[in-house]
Every structure is written in structure tokens, then in C-alpha cells.
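Annotated features, as they stand in Swiss-Prot:
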type     : residues : note
ACT_SITE : SER77    : active site, nucleophile
ACT_SITE : ASP215   : active site, proton acceptor
DOMAIN   : 32-229   : domain 'PNPLA'
CARBOHYD : ASN115   : N-linked glycosylation site
MOTIF    : 36-41    : motif 'GXGXXG'
MOTIF    : 75-79    : motif 'GXSXG'
SIGNAL   : 1-23     : signal peptide
Amino acid sequence: MATTKSFLILFFMILATTSSTCAKLEEMVTVLSIDGGGIKGIIPAIILEFLEGQLQEVDNNKDARLADYFDVIGGTSTGGLLTAMITTPNENNRPFAAAKDIVPFYFEHGPHIFNYSGSIIGPMYDGKYLLQVLQEKLGETRVHQALTEVAISSFDIKTNKPVIFTKSNLAKSPELDAKMYDICYSTAAAPIYFPPHYFITHTSNGDIYEFNLVDGGVATVGDPALLSLSVATRLAQEDPAFSSIKSLDYKQMLLLSLGTGTNSEFDKTYTAQEAAKWGPLRWMLAIQQMTNAASSYMTDYYISTVFQARHSQNNYLRVQENALTGTTTEMDDASEANMELLVQVGETLLKKPVSKDSPETYEEALKRFAKLLSDRKKLRANKASY
């Protein structure tokens with residue numbers, strides 16, 4: 001009798017633990033963040049293609065798309081472009097691009113986007129082709145139509161403030177319901193490389209609202225992971241589906257952050273004697289490069305520390321290549337040879353260990369994430385059916 005009673009107690013303890021775990025997984029906020037980096041966006045595109053393929057395999061559904069699994073997808077610069085591609089709906093209200101379509105997009109359009117304008121007083125590239133192709137691909141779609149919450153950053157040089165385009169901001173700031181092609185060009189309009197972007201929307205009163213925007217990297221310095229987390233936190237507080245989540249409860253956040261590559265020496269190394277001969281333009285190029293790399297490192301350091309402090313280190317995965325060399329470090333080298341190298345970088349990265357202390361490869365970690373994303377989606381669907 002005592003044995004039976006002990007067994008029943010143990011059974012119900014396991015059942016309670018299992019139910020608690022399922023509830024936590026069901027209420028997890030899933031976040032995808034994609035760095036900026038110009039043509040180096042090919043690297044995270046390879047990672048996204050692998051992840052989407054895993055989700056299709058796990059769920060036995062060739063039509064599965066990343067937007068079906070993430071509550072928030074954030075990006076800056078080229079990461080903002082990827083965000084738009086996988087969240088903007090087509091005529092069937094499905095993402096107009098599958099992850100496997102992104103690399104071919106770079107190969108087809110990259111050489112035209114990064115086609116030197118020949119100007120010695122303006123930006124290196126006139127941006128006309130970039131804006132044209134964005135208009136063709138994204139059409140008249142606006143932020144509110146995105147298939148999941150988005151977080152795309154830019155910076156307004158007239159107001160001197162960051163501008164964050166998200167669906168959840170629209171009730172308070174309807175002027176942020178801009179066309180996706182305007183947002184994508186703005187987040188990619190890196191100073192020196194592309195002209196700033198001017199466009200207008202309207203306020204709730206019908207008044208004209210002006211935007212004068214440059215690259216989102218000015219606002220997030222290349223890595224939008226913290227921005228994406230903050231949007232996810234607000235979403236969790238406002239959406240009844242996440243009622244158990246407290247502010248900044250990273251235990252119930254699942255974050256995948258994709259980099260566009262750097263190296264341990266911040267892309268390039270310089271000596272004091274070398275830098276002493278630089279003029280203003282050379283310094284601007286170097287500072288942008290150094291700042292992006294340093295900020296990306298510090299963002300990763302902060303987020304990983306916070307997740308570890310909350311015993312949730314497995315909820316955060318940063319996928320980054322830290323050993324780029326030669327032309328692969330350049331954000332605007334869209335030669336076919338360099339793009340092929342970037343594809344190789346992404347494919348090789350999948351086979352590399354996540355850290356020096358872990359034998360788990362990025363490929364294995366992404367498979368683990370795919371299983372979590374799939375299980376969570378099924379739990380959500382089961383709850384909705386009751």
C-alpha cells in the first residue's frame with residue numbers, strides 16, 4: 001500500500017513537472033534577430049535556409065516558413081531586408097520569400113545594388129536600383145500587414161532620434177505604418193554608402209509626417225538583438241497569451257541572433273603609425289567598421305551574461321563567424337567570386353562548434369532550436385483548438 005501511495009505521489013509530481021514545462025514552452029516568446037552587414041547578409045541567409053529546412057522536416061510540411069514560428073523578427077540594415085522578405089505577405093497571405101530564395105536574391109541583385117556611382121562628392125552608391133527592386137518585391141505592403149511582429153530600426157537625421165518600425169507601436173503612432181520598401185531602404189541607407197531616404201506618412205489626424213532616415217545600424221550599431229528583445233518583452237506584457245511572463249523574464253524568451261561575420265581583430269588591424277596618416281574620410285570608414293564590430297561583441301556579451309545569470313543559457317544562440325578574411329570582410333563587395341566565398345563561410349559555419357567549451361555545432365544547436373520551435377507551435381495550436 002505504501003509502495004502504491006509512493007508511486008502515485010511520484011507519478012503526480014512528474015505529471016505536474018511535465019505540465020509546468022509544457023506551459024512554459026507554450027508561453028515562450030520566440031525571437032529572431034538579424035545583424036546588418038551589406039552583402040554579408042548572405043551568411044545569415046544560409047543559416048535561415050538551414051533552419052527553415054529543419055522546421056519543414058520536423059513538421060513534415062514543405063510550406064512551413066520562419067514567420068510561422070517566431071513572435072518577433074528584428075533586423076537592421078541588410079538584416080532588415082531579410083526580415084521584410086520573410087514576413088511580408090504575398091497574395092495568399094504567406095511570406096513572399098522562402099528562406100531558400102534569399103541567397104539567389106543577393107546574387108541577382110547585389111552587383112546592381114553595389115554598382116559604384118562614380119561620384120566623388122556624394123555617397124558611393126546612388127541607391128536607385130536598391131529602391132527600385134524593393135518597390136518591385138514588396139509592393140504597397142505596410143508594417144501592419146507583416147505576418148508576425150517585426151522590429152526594423154532606422155535613424156532620423158532631422159529629429160536626431162532612432163525610429164523603430166513595429167506592428168505593436170501602430171496604435172499609439174499610426175505614422176509608423178510605412179510601406180515596407182521605404183523602411184527597407186531606410187534601414188539599409190548606410191552613411192557614405194547610400195543616400196538618406198525621405199518619405200512621408202500621415203498621423204491619425206491626417207497630418208503629413210516626414211521621415212529623413214539613414215541606416216538602422218546608427219540606432220542599433222549593427223546588432224538589433226537587444227532591440228528585438230525589448231519589443232518581445234513589450235509584446236509579452238500586452239498579449240494575454242503570455243500572461244505568465246514578467247518583465248525581462250529571459251527564462252521564457254527563446255532568442256536566435258544571427259551575425260554577418262567579423263573577425264577577432266575587428267575586421268582589420270591598424271597600427272598607430274598607419275592611422276596617424278589618415279584623413280577624415282578614412283577615419284569615418286574605419287570608425288564605422290570598428291564600432292559595428294565592438295558593439296556586436298558587447299551586445300552578445302551582455303545578452304549571454306543575462307541569460308546565464310537566469311540559468312537560461314540554452315535559450316540564447318548567437319550564430320556568428322569570427323574569422324572572416326580578405327574580401328569577405330567587405331560589406332559592399334558583390335562580385336560573384338566574393339559572394340561564393342560568403343556562401344562557403346555560411347555553410348562551413350554550420351559545422352563549427354558553438355563555443356570552445358562545447359562540442360555542439362551550430363548545425364546541432366539549430367536542430368535543437370527547430371525542435372523547440374516546432375513543439376511550441378504545436379502546443380499553441382492545441383490550446384487554441386480548445
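Counting begins at 1 with the first residue displayed.
Quick reminder: no glycine exception, Cβ is built from N, Cα and C everywhere.
Neighbour counts of Cβ atoms within 10 Å were taken for the recorded positions SER77, ASN115; the minimum is at ASN115. A distance of 6 Å separates the Cα atom of ASP215 (active site, proton acceptor) from that of the residue listed as 'active site, nucleophile'.
Cβ neighbour count for ASP215 (active site, proton acceptor) (all protein chains, 10 Å cutoff from its Cβ): 28. Across the structure, ASN115 (N-linked glycosylation site) and the residue listed as 'active site, nucleophile' are spaced 18 Å apart at their Cα atoms.
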